[in-house]
Amino acid sequence: MTNIRKTHPLMKIINHSFIDLPTPSNISSWWNFGSLLGICLILQIMTGLFLAMHYTSDTTTAFSSVTHICRDVNYGWLIRYLHANGASMFFICLFIHVGRGIYYGSYTYMETWNIGIILLFAVMATAFMGYVLPWGQMSFWGATVITNLLSAIPYIGTSLVEWIWGGFSVDKATLTRFFAFHFILPFIIVALVMVHLLFLHETGSNNPTGLESNADKIPFHPYYTIKDILGAFLLVFFLIFLVLFAPDLLGDPDNYTPANPLNTPPHIKPEWYFLFAYAILRSVPNKLGGVLALILSILILALLPHLHMSKLRSLMFRPISQICFWLLVSDILILTWIGGQPVEYPFITIGQVASILYFIIIIILMPASTMIEDKILKWD
């Protein structure tokens, strides 16, 4: 009898995606992060569902409903902190996943890469709206500051902001719609992930050498299922360690104060994973310019396939480009640090230099280094 996984219409899809999928034999642990992101997404949807059962999206009761979850609901504190820190783990995996794509030239799979960028925007939007829900000081003021950026759009800006707010300030209507969007977006993300995988399986996975690997493919199961399970164990270990020993390490103490429209916190800042983009936003003195720089800081990823000048795909054999890549990583870490600092000297100057450097590395240095390498190899 033919194996059911090869004949059943549903099992056939699963089989071609996760069992008999031909995979390059040499992909390293940097390729684990795709499956880890899937685990993070499932974890976030599950914990989020249980939180939504007890949360109320009303300005008068939102903060106390989160307190109620932590104090009165069975293991509510665990679910809440798994969800909050799960978001941090999600973004750590996301940044490494994107970084791996840049390093090994995975952006040459244009469709997969572009869907990935859309996914990144969707996850960032979801995380931002989720941060508003506990209705603490940083939730309220973060929502006010970030949504207010849309007022920089000429002519329609002010109307657009009031339309998003559902009034003349961030209030009950804003919180309710943010909760609705925060609930629905993860399911849209799941659909986008399926499209992402569909495009990936059209071309097959890239590998560290960046070379054609059709001659040396192995089945996904059992080799990479075992490898992914190891990665999953490590991820869950770090997440549980964070939740049980330092649940508030990555949060903001201001969010333990209920939202007060009459009292502005001294330093309004988003969650740590947005700090690099926030630093770029703050580095531009002009409001509209800042908003454009903020959007471009992520959208610039879409330019990478067009800026790829090298005859080689991966950075594995390109030492000058490797230096540029690690310069970019260091620059993003500096921007993350600056985003959490007050707006004063010397942080303003450091932020502006780091922001300019961010765009220079991607647009000028990386393509230039590839051309130099091709010249050295006499490939021009």
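Using N, Cα and C of the backbone, Cβ positions are placed for all residues, glycine too.
These figures come from a predicted structure and were not determined experimentally.
Features reported for this protein in Swiss-Prot:
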{"type": "TRANSMEM", "residues": "33-53", "note": "transmembrane segment"}
{"type": "TRANSMEM", "residues": "77-98", "note": "transmembrane segment"}
{"type": "BINDING", "residues": "HIS83, HIS182", "note": "heme b b562 binding site"}
{"type": "BINDING", "residues": "HIS97, HIS196", "note": "heme b b566 binding site"}
{"type": "TRANSMEM", "residues": "113-133", "note": "transmembrane segment"}
{"type": "TRANSMEM", "residues": "178-198", "note": "transmembrane segment"}
{"type": "BINDING", "residues": "HIS201", "note": "ubiquinone binding site"}
{"type": "TRANSMEM", "residues": "226-246", "note": "transmembrane segment"}
{"type": "TRANSMEM", "residues": "288-308", "note": "transmembrane segment"}
{"type": "TRANSMEM", "residues": "320-340", "note": "transmembrane segment"}
{"type": "TRANSMEM", "residues": "347-367", "note": "transmembrane segment"}
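Swiss-Prot feature annotations superimposed on the structure.
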| residue | record | contacts (Cβ under 8 Å, 6+ apart) |
| --- | --- | --- |
| HIS83 | heme b b562 binding site | GLN44, THR47, GLY48, LEU51 |
| HIS97 | heme b b566 binding site | PHE33, GLY34, LEU37 |
| HIS182 | heme b b562 binding site | GLY48, THR126, MET129, GLY130, LEU133 |
| HIS196 | heme b b566 binding site | THR112, ILE115, GLY116, LEU119 |
| HIS201 | ubiquinone binding site | HIS16, SER17, LEU21 |
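For the transmembrane segment (347-367), the most Cβ-contacting stretch among 77-98, 113-133, 226-246, 320-340 is 320-340 (pairs under 8 Å). Tallying C-beta pairs under 8 angstroms between the transmembrane segment (77-98) and each of 33-53, 178-198, 226-246, 288-308 places 33-53 first. In this chain, the transmembrane segment (113-133) lies apart from the transmembrane segment (226-246): fewer than three C-beta pairs between them fall below 8 angstroms, excluding pairs fewer than 6 positions apart. Within the chain, the transmembrane segment (178-198) has long-range Cβ neighbours (under 8 A, six or more residues past its boundaries) at 17, 38, 41, 44-45, 48, 52, 55, 57, 112, 115-116, 118-119, 122-123, 125-126, 129-130, 132-133, 143. Listed as Cβ neighbours of the transmembrane segment (288-308) (distance under 8 Å, sequence separation of 6 or more from its ends, same chain) are residues 98, 102, 105, 107-108, 110, 113-114, 117, 120-121, 124, 149-150, 152-154, 276-278, 280-282, 355, 358-359, 362-363, 366-367, 370.
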